[in-house]
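Comments concern the structure below.
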Amino acid sequence: MSGASSGISPLRRLVRAELAAGIAGLRLFIACVAIAAFMLGAVWMLGAGLSRALSENGTIMLGGDVAVEVVNAPLDADLVVRLADLGTLSEVSELRSTAIAGDARTPVEAKVVDDAYPLVGEIALAQSADGVPTLAEALSEREGLPGTVVEPALLSRLGLSVGDTMTLGGGTFEIRAVLLREPDRLSAGFLVGPRVIVSEAAGRAAGLLSSQGLVDYRYRLRADDGDAQALAAAVAALEPERGWELETPADAGDRVRETVARVTTFLGIAAMVALAIGLTGAWAASRVWIGRRVRTIALYRLSGAEPGLVVALHGVLVAIAAGIGIALGLAGAGVLAFVLMDLLAARLHLPWQPAALASAGALAALTLAIGIAGACASALSGAARTPPGAAMRSADTIPTPRPRDAALGAAAIAAAILLAILGLPDEILAATAAFGLVLAAALLAGAGWLVARAAARVKPRGFVARVALQGLDDPAKAAMRAVAIGIGIAGITAVVGAQRSLDTALRAELPDRIPDLVLLDVQQAGIGPLTARVEADPLLGGLQASPFMRATITAVNGVPAAEALVREDKDWVISGDRSFAWAAEPTGAELLGGAWWPVDYAGPPLVSAEEDVQEAFDLVPGDTLTFSVLGRSFTAEVANIRMEYHRTFRPEFLLVASPVPFRDAPHSWIVTLEGETDAAVDALVADLARDAPGVTAIDVRRIVDDLTRVVEGAGLASLAIAGLLLVVGALALTAIVAADVDSRERQALAFTLVGASRREIAAARLAEAGTIGALAALVGGGAGLAGSFWLASAGLRVDFAPGIVALVLPLALGLAAALAAGIVGGLGAAPRGRGQLVRRLAG
Amino acid sequence: MHAPETSFPPSPAKPSDVVVSLVDLRLSYPSPEGEIAVLRGVDLAVRAGEIVAVTGPSGSGKSSLIAVVGGLETPTGGSVRVLGTALESADERTRTALRRRDIGIVFQAYHLVPAMTALENVALPLVLAGEEGGEAAAQAMLREVGLGHRMSHRPSSLSGGEQQRVAVARAFVAGPRLVLADEPTGNLDRRTGEHVAQVMFSLTRASGAALVLVTHDEALARACDRIVAIDEGRIVEERVVRDPVAAGARG
């Protein structure tokens, strides 16, 4: 053979002939690749889609280039004028209120917007009989009635439709359109009810912006000259003494971003594990395939094929199979990622570009292609080294690869892992995870090597023990099998352990369903009648009323709060307005230090700081805190430190002050109560709708049920990830077991001829496979648990709580691997059935 | 013309016991097209110390005959008595015990355990029998077949003739009363084949075992005590080359 033309033509002919015969022998290989591609692709596409949607839409989420927020009282009018001088200004106020229609009422998240809203992004309203109105049209006054747009949930809760009217605050509104998407939704916090948008004039007329309610006032600015940074600096310079929370697009949706980063990291590490297991499976499956073709390859060689042609032929066939696997996996991943992205983007009220998925999919394909090339290198190198003489012998083991090819393969796998690391949002976490996987592989290889060395030293007399040990005494083979089985166990255990920890943490964050009802904006005059109403109903009780105000901590011992901070992770205590109350008597929370003030204390303000505040500033009783309430600044001595549990819907206040002078400030109350039956709670809510329309009733029962559904959904999703990993693991295991089947069958035949029974052969194989399985379970499981501890604490930042599943799983997987290998290599390998043995003997 | 018949040593035994007795032996295999009859009523008796050659064209049922006598296949009709055990009704355990204790088998394809050394392969039957000093016996047997210098080699580093001598040593090491050999020289060149056959014959004669040898090699068949020709699952010719008892008496 000489020249390129004569080299290409035979290759084409051979490839065509092989394809015509089919590549069914590569089914296992395709399955391993497809499922790894599915996991890697789905995770990367989803992660990339979400990250890009969040990073590209910071301005939209914030509602402008710069935003400032104050609570309770709006900014002074002259400050608003000065802000308006800096750029285009939009004022938006948000508050919780109650929408009422007839006897039905539901808490809502009201948003009062000016004509400039939205400064950026678009409001999406649903098509109605009159077409799609603009926001301004929908909110305008028609025949004496102002308009409103509402989320679909409101319509279903109140049994209304577009065109009906409802009461909000002290006004009546006509529902003009259904709100589908609100560009700045992520700038709002936790929403307890459906969104209702009204115009500023109508909201003011309905009394929604009264000084006693809890209102978030947001002022968004757009830089007219496009210089957002200069605008932010100019706005920051105007900060009033009462303080405000200033945000730029980089800060917008930070909680969502953090959640997305956390989830993407978890999923990404799961995908990396899937990649590692999938490549292990592809490695084993390619060796099985080449192993079964050794005679065919030798015949090609006998017929004059050069090693290069053999490699090219098998490389092309493997590439075609890999292409099919990658295409199948990524197609499934693409569909899943598209559906999930659409769902999540709608939930987050964000626009997104499907193109973001394509680039992530392409990167996943490239990573897989490189990794698979590396995984198949040893089998292909072995194919190249198959001597023509192998056709004459009953050889079906692949010759060992050339060291150079093995090194190239390892380098390709390393490159694929590097790409996988770079594909994750937190490269350091990803690199640590990859390092952990490599370390686990090294530990497994070392343990396998040690077991082989030990097995070689022992010479037991019995057949079963001798054959079992003989199967273990090759150090390289034992190390490889320990890695092949154990790396899957390690990865799956790590992910399952982390998943259980995350699930436990999410469930722990679920609030207790106590109280059943939270009433906001209860006025001073309403407390008495409400208490009487609750006392009159034996099915209601547990009433607690607290003043509800907001405060911003501005200084500690005279040092500006930001400088006084000693714990970065507690910076949220100085970020904007925080919950504040006054109380004469102890609130019932545990005191960690200091003492409560006397009931009749009327001196200078004292303050009780929650534990988070204490930790943020390393406070001790006697220190002073300066904070602003309702636009006024106060400095108070810290009387004590309180501990709250953050797990209930009871009001928990960061700061609680002595009554004077706050008792006389305008404020509303927050009331919590419990009901023995849902009917009793429902009846109270109906009475309040009639007697106290200004009170917002938050039905904790519904919120807890909603949260439980979310947590259970997250739990199910992460369980599905772990389940998929198990499937990849099972496929890889099948490939690993299959890799040995032929030689096991030959050995079983020889044992049968010399008088070994099926039971003895099976017992020997089980003992051998059980040793490797136990080794993989112990070392891989141990490494996996260590990995899940790291993943939970460093990656997901939750307490490590792997649960019994993560402890039992490695043993179960090791046992499953041992049983599979034992049964296939033992019972299954011994000839059975009429004619089987003679056929094999002849072979 | 192949090697002269006289090059093989005569039997020293005085055989009187019937080691193998086949009466109307039938065997068929299932196939998608229905049962395929492989043995269609074979009657044969082999005495201790006797070397019987089974010849016949490919597919005539020679290997299946070996498989049935070795307890590796169960007949679908007739009776097989090997060393007093009725194999047609024996369970797997009984057949395994018989093979382990009393039967040695050699095949054309060697069927050695690739992962084991020559010594480990030969010692295997003794290990299975739980015999003490198995390794020494295996070493002695390997020396006897001329492989004293190859004991620690694995099959992959042995030549075809050497692998077959290991297989022969393994078949004889536990002192079987019956040895079955299916084309033991089929993969070997003539000289090596003769050497292997000579080793087998001398071990058989020395131990007084019966040897049933399937072969295509006319010369090798003529070196045996009796030749049984099989075609289409039936014995079509039976010819006594020499009487081992008489030969033994002369010897």
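Cβ from N, Cα, C; glycine included.
Feature annotations, courtesy of TrEMBL:
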| type | residues | note |
| --- | --- | --- |
| TRANSMEM | A:21-46 | transmembrane segment |
| TRANSMEM | A:266-290 | transmembrane segment |
| TRANSMEM | A:311-340 | transmembrane segment |
| TRANSMEM | A:360-384 | transmembrane segment |
| TRANSMEM | A:405-422 | transmembrane segment |
| TRANSMEM | A:428-452 | transmembrane segment |
| TRANSMEM | A:478-498 | transmembrane segment |
| TRANSMEM | A:716-739 | transmembrane segment |
| DOMAIN | A:720-821 | domain 'ABC3 transporter permease C-terminal' |
| TRANSMEM | A:766-792 | transmembrane segment |
| TRANSMEM | A:804-830 | transmembrane segment |
Per Cβ pairs under 8 Å, the stretch of A:21-46, A:405-422, A:428-452, A:766-792 packing most closely against the transmembrane segment (A:360-384): A:405-422
Long-range Cβ neighbours of the transmembrane segment (A:716-739) (under 8 Å; 6 or more residues past either end): 28-29, 31-32, 35-36, 38-39, 266-267, 270, 273-274, 277-278, 280-282, 284-285, 287-288, 291, 481, 484-485, 488-489, 491-492, 495-496, 499, 502-503, 813, 816-817, 820-821, 824-825
Top Cβ-contact partner of the transmembrane segment (A:21-46) among A:266-290, A:311-340, A:428-452, A:478-498 (pairs under 8 Å): A:311-340
Model confidence over the domain 'ABC3 transporter permease C-terminal' (A:720-821), averaged pLDDT: 82
Intrachain neighbours beyond the transmembrane segment (A:766-792), with Cβ under 8 angstroms and 6 or more residues off its ends: 266, 269, 432-433, 436, 439-440, 443-444, 447-448, 451, 464-465, 467-469, 471-472, 478, 481-482, 485-498, 501-502, 798-802, 806-807, 809-811, 813-823, 825-826
Composition by DSSP (helix, strand, coil) of residues within the domain 'ABC3 transporter permease C-terminal' (A:720-821): 91 helix, 0 strand, 11 coil
